[in-house]
Each structure stands twice: as structure tokens, then as C-alpha cells.
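As given in TrEMBL:
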BINDING   Gly31, Ser32, Gly33, Lys34, Gly35, Thr36, Arg144, Lys187  ATP binding site
BINDING   Arg57, Lys78, Ile79, Val80, Gly105, Phe106, Pro107, Arg108, Arg148, Arg159  ribonucleoside 5'-phosphate binding site
BINDING   Asn112  CMP binding site
Amino acid sequence: MGTVVESANQGAGTLPTNKKVTVIFVLGGPGSGKGTQCTNIVENFGYTHLSAGDLLRAEIKSGSENGTMISNMIKEGKIVPSEVTIKLLQRAIQENGNDKFLIDGFPRNEENRAAFELVTGIEPECVLFFDCPEEEMERRLLGRNQGREDDNIETIRKRFKVYMESSLPVIEYYNSKGKVRKIDAAKHVGEVFEAVKAVFAPADEKVAA
């Protein structure tokens, strides 16, 4: 019986050297609305949205041994090993014809970040950070009707704790490199997207000029 990491390492390889991609990391606590905004970015700016959470949930749904171990980790509020998520992200990038990607919900910690850059050779163009108060995120999550197993109050609070302890150092690291674009995610969805558009529009205008 292999471990999650061993399963992930089977067949894992680096990205094709001829595929140059632009990656933007999208970070924010559970319930910050980053998934909704990713959909808006895809529709308006031509990016492909890769949700680390969705890729992991698809692996769980597949019923594989790897998926069962991932499921148990998520229920306990633990972070899945980097190798597992990076392999899923790599596969998604390789199989997609686009060269512009939003990676949503990853890296979750410093080790994730370093491993992603080392394994893929990709440094993000920038990091979109959806900043939202914990009370507002909790209210949104409890109001969701998506049937997500991990949307109950105890697991939500575990997820907040893991997020605070693990993800914020990643944001601080990229902030020190001038790559963080902080968005006030507590506002109405339309107002949030106006702030998001301001991050993307200048680059598009320069290309058009």
C-alpha cells in the first residue's frame, strides 16, 4: 500500500519546457468569495481557473486510495501534502491549451509555495489576496447550500485556524516581493470585482496600446 505522497509521485514530471505559462495565485480564507471572482476573471480576461480544492475533491470522488486519504485529511482540517496537489495542478496545466492560469486555494503554506516553485519552475506573476473578516466568512459558509461535507461549524473553525497559521506567511512572503494585490472581499460581489478589474485592466490596456 502506497502513501498519498508515493501515489502522487508516480508519473509526476515537470512541465514541458516549451510551455510558458502565466500563473496568478488566488488566496483568501474559506468563504472569502475568491471562487466567484475567479469565474468573473475567466469570463473577462481569458484565464483558466484551477481550484486546488476542486481538483482534490475530484480525486476524492474517484474513490481511489489516494482520494480516501485526502478525504480524511480534509475532515481533520489538515493540509494535504504538497506533492499531491502539485501533481494535480501540473496535470491540469499540461492538459489545458491555455497559457494563463488562476490557481485558487494554493499554496496553502510556505512549504507548498517553495515546492511549487521548485517543481514547476514557475513563479507567480502576482498574488490576489481576498481579505475578509472571519465573522463574514463564517456567515457566508453557514449560509451555503452546496452540500459540502466540510461546511459545518466545527470544521469551518478548524479551517480558519489552519488558514491563519499557514496561509498568512505565504501572503507575507509575496508581499515582501511586491507581488500581493490585496482586495477588500467584505464588500458586495460587484464592488469586489471592480477592485479585481483594476488589477487586470492596466496590463490589458498596455497590450492594446
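For all residues, glycine too, the Cβ spot is worked out from N, Cα and C.
Curation plays no part in TrEMBL annotations; they are all automatic predictions.
Cα of Thr36 (ATP binding site) to Cα of Gly105 (ribonucleoside 5'-phosphate binding site): a span of 13 Å. The closest partner of Lys34 (ATP binding site) among the binding-site residues, by CA position, is Gly105; the full candidate set was Arg57, Ile79, Gly105, Pro107. Counting Cβ atoms from all protein chains shown, Lys187 (ATP binding site) has 14 others lying within 10 Å of its own Cβ. Packing around Gly35 (ATP binding site) is summarised by its Cβ count: 17 other Cβ atoms lie within 10 angstroms of its Cβ, all protein chains included.
Only Gly105, from the binding-site residues Arg57, Gly105, Pro107, place their Cα within 10 Å of the Cα belonging to Gly35 (ATP binding site). Gly33 (ATP binding site) is 11 Å away from Gly105 (ribonucleoside 5'-phosphate binding site) when you measure Cα to Cα. Around Pro107 (ribonucleoside 5'-phosphate binding site), the C-beta neighbours below 8 angstroms that are at least 6 residues distant in the chain are Phe25, Ser82, Arg113, Ala115, Phe116, Val170. The binding-site residues Lys34, Arg57 differ in how many other CB atoms lie within 10 Å of their CB, and the one with the most is Lys34.
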